[in-house]
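Asker: Marked as (6S)-5-formyl-5,6,7,8-tetrahydrofolate binding site by Swiss-Prot: Arg26, Glu86, Arg125, Lys456. The domain 'TrmE-type G' annotation in Swiss-Prot covers 222-376. Residues or ranges marked as K(+) binding site in Swiss-Prot (evidence: sequence analysis): Asn232, Thr251, Ile253, Thr256. Per Swiss-Prot, the feature GTP binding site maps to 232-237, 251-257, 276-279. Residues or ranges marked as Mg(2+) binding site by Swiss-Prot: Ser236, Thr257.
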Amino acid sequence: MSITKEFDTITAISTPLGEGAIGIVRLSGTDAIAIANKVFKGKNLETVDSHTINYGHIVENNEIIDEVMVSVMRAPKTFTREDVVEINTHGGVAVTNEILQLLIRSGARMAEPGEFTKRAFLNGRIDLTQAEAVMDLIRAKTDKAMTVAVSQLDGSLKNLINNTRQEILNTLAQVEVNIDYPEYDDVEEVTTNLVREKTQEFQALLENLLATAKRGKILREGLSTAIIGRPNVGKSSLLNNLLREEKAIVTDIEGTTRDVIEEYVNIKGVPLKLIDTAGIRDTDDVVEKIGVERSKKALEEADLVLLVLNSSEPLTDQDRTLLDISQNSNRIILLNKTDLPQAIQTEELPEDLIPISVLKNENIDKIEDRINQLFFDNAGLVEKDATYLSNARHISLIEKALESLEAVNQGLELGMPVDLLQVDMTRTWEILGEITGDAAPDELITQLFSQFCLGK
């Protein structure tokens with residue numbers, strides 16, 4: 001997809017393919033209204049008011065294809081800042097595809113993935129952070145993730161970054177003035193103090209923003225959560241309890257979970273990617289052995305480990321091994337089967353375990369409370385009006401910007417001339433511009449929009 005601004009008219013189906021009540025075929029571009037008017041029988045779309053919905057039929061060679069409602073939106077007050085037409089059809093693969101092909105035959109071009117959002121970016125309707133927020137909103141798995149995405153779409157991150165970049169420019173301009181007009185004896189000291197003060201101010205701001213990354217990334221991507229334990233302690237039953245559906249195979253036979261099962265579940269606004277692992281033990285079964293190896297890998301990569309023990313049986317060597325290999329993880333120990341007489345030796349276990357009964361659904365809510373304690377210090381997940389970093393690209397760029405600011409600090413400590421330190425300060429300004437797209441390379445922008453679905 002070329003990054004250069006284009007003016008041809010594009011079209012795509014904007015709703016998921018399949019059976020449904022409504023389907024939407026979208027056009028955007030200079031000729032969007034004229035092309036739609038060619039295939040629409042009803043009011044003349046080229047003369048109707050902007051932001052109106054018009055009843056009629058889509059026809060080809062006087063044959064009715066569908067009864068539709070057509071939305072006409074004139075530039076610049078549209079998502080793409082171009083003329084936009086949305087044809088609301090009856091849902092279904094055949095009718096939406098037929099209308100799409102008719103529009104292409106009438107002069108439109110098939111849109112590439114993300115091209116509508118790309119045009120909104122190129123035409124200045126949104127910046128790159130807002131474009132990425134569109135995708136985050138589509139992919140949001142919980143209401144909290146949706147709130148963060150909507151805030152970014154509304155411009156919270158854009159405004160913070162743009163304001164910081166402007167302050168950096170103001171600082172650089174003041175330094176230039178002081179360098180160009182060195183009439184005063186103390187101008188060098190004043191300039192050095194200014195740069196030191198502003199650099200520390202920018203560092204504090206970006207460090208505070210970076211501090212939100214852990215929470216933001218969890219809300220966006222979820223916590224990779226490995227459920228581990230020896231065979232038949234209730235791992236799959238716990239998974240099904242959290243999911244509230246029979247996803248894993250639950251039997252009384254050891255080793256029935258032979259692979260890694262992954263599912264998402266919403267825990268108080270946090271998407272947990274639950275990984276039910278095969279029981280970690282020595283086995284001669286080839287298929288089960290593969291599952292065990294995958295389980296060990298899942299344990300290494302997990303953000304959170306739920307270690308399930310059987311409270312109705314004494315600790316085994318396998319239990320002790322699992323306690324040992326998971327001790328450096330963010331771990332919650334669960335004593336399952338508390339509905340049965342206790343036989344486990346709790347004196348060998350850490351104090352912060354949670355007794356549960358998956359069978360009777362007892363104390364499952366305490367798992368959710370412990371997760372909140374582990375990852376969010378019992379604080380609310382999303383603070384009102386707060387700006388969160390949740391995108392790995394943004395996090396990486398903020399870290400690079402902080403490195404450039406630290407280079408300025410180090411230069412000041414070494415007594416380097418301020419005019420030489422302008423290079424690192426300018427680099428900070430450029431890096432922050434990559435976040436919003438003001439200084440992002442074409443290849444990055446092209447790659448970003450290619451991840452979008454067709455019609456968005």
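For all residues, glycine too, the Cβ spot is worked out from N, Cα and C.
I would like each feature placed in context: is it buried or exposed, what are its neighbours, and how far apart are things?
Answerer: In the three-state DSSP reading, Glu86 ((6S)-5-formyl-5,6,7,8-tetrahydrofolate binding site) counts as strand.
Mean model confidence of the domain 'TrmE-type G' (222-376) amounts to 74 (pLDDT, 0 to 100 scale).
Under the DSSP three-state reduction, Asn232 (K(+) binding site) is assigned to coil, being neither helix nor strand.
Neighbour density for Ser236 (Mg(2+) binding site): within 10 A of its CB lie 26 other CB atoms from the protein chains shown.
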Asker: Looking only at C-alpha atoms, tell me how far Asn232 (K(+) binding site) is from Lys456 ((6S)-5-formyl-5,6,7,8-tetrahydrofolate binding site), rounded to the nearest Å.
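Answerer: Taking the Cα atoms only, Asn232 (K(+) binding site) lies 46 Å from Lys456 ((6S)-5-formyl-5,6,7,8-tetrahydrofolate binding site).
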Asker: Using only C-alpha positions, which one of Arg26, Glu86, Arg125, Lys456 is spatially nearest Ser236 (Mg(2+) binding site)? These are the binding-site residues in the record.
Answerer: Lys456
Asker: Check Lys456 ((6S)-5-formyl-5,6,7,8-tetrahydrofolate binding site) against DSSP and tell me helix, strand or coil, would you?
Answerer: coil
Asker: Determine the Cβ neighbour count for Arg26 ((6S)-5-formyl-5,6,7,8-tetrahydrofolate binding site): the number of other Cβ atoms within 10 Å of its Cβ.
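Answerer: Here the count is 24.
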Asker: List nothing but the largest Cα to Cα distance in Å, as a whole number, among the residues Arg26, Glu86, Arg125, Lys456 that the record says bind (6S)-5-formyl-5,6,7,8-tetrahydrofolate.
Answerer: 19
Asker: Looking at the binding-site residues Arg26, Glu86, Arg125, Lys456, whose Cα is closest in space to that of Lys235 (GTP binding site)?
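Answerer: When the Cα distances are compared, Lys456 comes out closest.
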